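Undergrad: Marked as GTP binding site by TrEMBL: 110-117, 193-197, 251-254. Per TrEMBL, compositional bias 'Gly residues' is recorded for 455-468. As annotated by TrEMBL, compositional bias 'Basic residues' applies to 483-507. Feature annotation from TrEMBL assigns domain 'Signal recognition particle SRP54 helical bundle' to 3-88. The region 'Disordered' feature in TrEMBL is assigned to 455-507.
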Amino acid sequence: MAMFESLTKRLEGIFQNLEGRGRLTEEDVNSALREVRIALIEADVNLKVARQFVDRVKEKAIGADVMGSLSPAQQVLSIVHDELVEVLGGTGESNKLDTNGNPTIIMLVGLQGSGKTTSAAKLANYLRKQNGSRPLLVAADMYRPAAVNQLKTLGKQIQVPVYSEPMGSDPVDICVHSLDYAREQACNVIILDTAGRLNIDERMMQEVVNIRERVRPHEVLLVADAMTGQEAVRVAKDFNDAVSLTGMVLTKMDGDARGGAALSIRTVTSVPVKFMALGEKLDAIQPFYPDRLAQRILGMGDVLTLIDQARDAIDEEEALQSQQKLQQGKFDLEDFLTAMHRLKKMGPLRQIMEMLPGFNKLASTPEMEEALEGDQLKYVEAMILSMTKEERRNPDVINGSRRKRIAMGSGTKVEELNQLLKQFTEMRTMIRQVSSGKGPWGQMMRQYAGAGGQGMPGLPDGLGGFPGMDGLSNMQGMPGLPRGKKTGKAARKEKRKKQKSRGGRGR
């Protein structure tokens, strides 16, 4: 996650320095935790929160006996992980949305520009798809005409009804009237989009207090912009003092600002974060799982969220057909293209890679950045679509003349096609080993299955479970991403390296 990229790199470096030591001494722990505290403060974490965090880790880590299978670095990492989970909200029920009402009333509050109206639509879309709910959106912002129109437009896109009244109506009355309308429409979730302001003022607070007293919502969620850092923490504290928040929605979590707000807000306000938004699309919202975010911050990936996304994006019947085919050791370029399309449905490739343990480092290399920022996957798709059905189903028939034709038809080079076919052959070999239980990949999957590993639906059986993560950061390349000619950052870095090498020989 870009917001925590710098913090993740710093923490990884700290734990690498602890490798190879025996029993943890106080000096070892103090030195490492001093660096952790600096890393947290530089990530815009509240100073008091950073100090309390480090003190708790220190108390648990000093003199701790290293568990049988853990190195000292892993022991400290485990303690840091557990404390991160606590700072982010713990593992209790407080992070879950209360949907037990009939109807359930969710009131959204926040400042202008925080993404409140869009978040209302995202939340409605999420509840409709995930819970089978019948939500109603309520336009209660009478101070910004565009907000009402925006909510109506978003409601049409996600097929959710919107209740509104003429401009100038009393926002409190609108919210009260919406309850009767929801019953008429058989809606069981009501989401109130209240007015935002450029800053907190007494009139605004009194309005949301009045709405809360009249409507008695089950949830009062503050929508806060995570990119505003500690300002978001201050806003949360002010709103909580006025209306007793039950939770928060952190928006713009895909931004490149420092992520200190997410790490500070629960400790400072005692208000749990319940959702986080990771993009502009109306399905770009996720429940906030403290343990999963802690894993991502520490560079461990987030396989569970990735599996959830795969289940949402992939048709179950198609996935079953693919799985049956793969279990027979069959895999051709048509299957490969289908897998690519499924990956696209799951979201940006960079986000997917960042959720895979070991791949977060690979995603930040110059070569991979070049591939992800460019149109490499489009070229792969163009090459496969330039083949005949026979060639896609049996790539072994693609000889020299066919390769020239395919390259010309796809606007690529023969060398790039050769690279794609080579990587496809390697992947096919791996899948055959997995399905037969033979070879290194087959043995690995037998061990993984014995440990209770869980695969990802709709992806090659075995690939979906992401086994053998320790070696992934050393991979030569990803199947389907032809190396081709380096451009941009990667090319400049390669050029400087060659010049330096030639300069060294000349001395």
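Just so it is clear, glycine is given a Cβ too, placed from its N, Cα and C backbone atoms.
All annotation found in TrEMBL is predicted automatically rather than curated by experts.
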Undergrad: Which number gives the other C-beta atoms within 10 angstroms of the C-beta of THR194 (GTP binding site), all protein chains shown included?
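TA: Taking all protein chains shown, THR194 (GTP binding site) has 27 Cβ neighbours within 10 Å.
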Undergrad: Counting Cβ neighbours within 10 Å across all chains shown, tell me which of the binding-site residues LYS116, ARG197 comes out on top.
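TA: For the binding-site residues LYS116, ARG197, the Cβ with the most other Cβ atoms within 10 Å is LYS116.
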Undergrad: These are the binding-site residues: GLY110, GLY113. Which one scores highest on other Cβ atoms within 10 Å?
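TA: Max Cβ neighbours within 10 Å, all protein chains included: GLY110.
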Undergrad: Which residue counts does DSSP yield for the domain 'Signal recognition particle SRP54 helical bundle' (3-88) in the helix, strand and coil classes, in that order?
TA: 64 helix, 0 strand, 22 coil
Undergrad: Would you identify the secondary structure of THR194 (GTP binding site) according to DSSP, in three states?
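TA: THR194 (GTP binding site) sits in a strand per DSSP.
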Undergrad: With H, G and I counted as helix, E and B as strand and the rest as coil, say where DSSP puts MET253 (GTP binding site).
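TA: In the DSSP reduction, MET253 (GTP binding site) maps to coil.
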Undergrad: Mind looking up the mean pLDDT for the domain 'Signal recognition particle SRP54 helical bundle' (3-88) in the predicted model?
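TA: Taking every residue in the domain 'Signal recognition particle SRP54 helical bundle' (3-88) and averaging pLDDT yields 80.
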Undergrad: For a quick check of packing: other C-beta atoms within 10 Å of the C-beta of MET253 (GTP binding site), how many?
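TA: A count of 28.
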